[in-house]
């Protein structure tokens, strides 16, 4: 028994050394990039693409109304139609998040991403043909379907990226989700410039562009492997999981990775996928669930959406002229993308927890400064420029951690059987919080004026305190290790080293037994 333990320790040391030598493979990078391109990129693009053609879309509503009813549309009606056009994206996102678990269970992670492209293509067709058909209903339905696409994508993509990545690259690969969201926002701002597609005769092509990333994903993703964890634990396809691991990791011997997944399967109470109700009732994951809800709520309620939705109004109040507003907005998208890329490069060195706390706390500081500067902008001529710097700093702080890590954590804090239900709950909180900010912030701004951002200061500080106290670091940990980090706070028994060793040895003996059976079969043949 002692010799077996020594052998196991030696294997662990060699595995640890091989992990450090292992590098990113082209297959893993392609899966991360093209998976994100047809998913999170489209989500980010749709956040910004409606800003540039807003006046032309409202004019189209008025023209269509006159053709139908013989009179101009009232100001209240056009405001209502525009508000529905913008906000129905969040409603579609909620529907998508609620339906993602069922689709993922049936089609898997990669299959769900591939199916999801059909929603993007249908939405692109409706949005592109709405003006030609003189139907503003087609624009509204197209935005709804695009919201469904985004809701499914923000559940399936982080799950896929987390399950295909080695633990020492999981944060970096997971940040592709955030980077492509930011790149999508930036692309929408660039294409919406008056010099490009932000004109009355070309604004419909802004929506036609939606089909391009979806088609690129459809051309590449079918040739990349499915999540090996999904294949092994849910489909019981060990041969398929082995091939997937080999392609993603770029090596033939993936026995250690297969053993880790087998160990996770043995340790789970439920090998089948649990429902949302079962997840809510389970004491074993209570604080993981609370942590994901708090983190995802802070992701939306920290105030960045208020910055995006009302950037132009804030900049006008800060004293910038109308002619340069599009270019200033463009710089905010560039800063967002740059901060997300830097975060992806350093996340494996710094860790998830420090980046999250730093991001939320920095946002609280810069929102406080922004409040001060906005209150003194009428007295000092150069104060509007400081307000603009604070806006950039808030965006950079958000993208340094809170912009992508909540999605990574949702995949890391839960083991395989709980993960789909956890993403449904996280997605529901995400989209409801998004809708709440868009609905309530105008009233908060009207009531509190320049002090309205203090609400977000409170949210960021409270979120930072909670994460500091409750969240363990997940960097370079297996999913089992992360679950055991919550065992004490969940008041669950922690396996002793002896029990863990017995579990490892039992798995090894099972695998050796299978190998011996295979040898006997070959001999008999």
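Backbone N, Cα and C define each Cβ position, glycine as well.
It is 289-311, from the ranges 266-288, 289-311, 473-495, that TrEMBL records as transmembrane segment. Looking only at the domain 'Major facilitator superfamily (MFS) profile' (32-475), the predicted model's pLDDT averages out at 88.
Non-local neighbours of the transmembrane segment (289-311) in the same chain are 47-48, 185, 279-280, 329, 332, 356, 360, 363, 367, 391, 394-395, 398, 402-403, 405-406, 409-410, 413, 422, 425-426, 429-430, 433-434, 436-438, 441, 445, 452-453, 455-456, 459-460, 463, 466-467, 470-471; each lies 6+ residues outside the stretch with a CB under 8 Å from one of its CB atoms. Taking every recorded stretch in 111-129, 323-347, 354-373 and counting its Cβ pairs under 8 Å to the transmembrane segment (141-161), the highest total belongs to 111-129. Sequence-distant neighbours of the transmembrane segment (111-129) (same chain, 6+ residues past either end, Cβ-Cβ under 8 Å): 35, 38-39, 42, 100, 103-104, 138-139, 141-143, 145-146, 148-149, 152-153, 156-157, 160, 204-205, 207-211, 213-215, 217-218, 221-222, 226.
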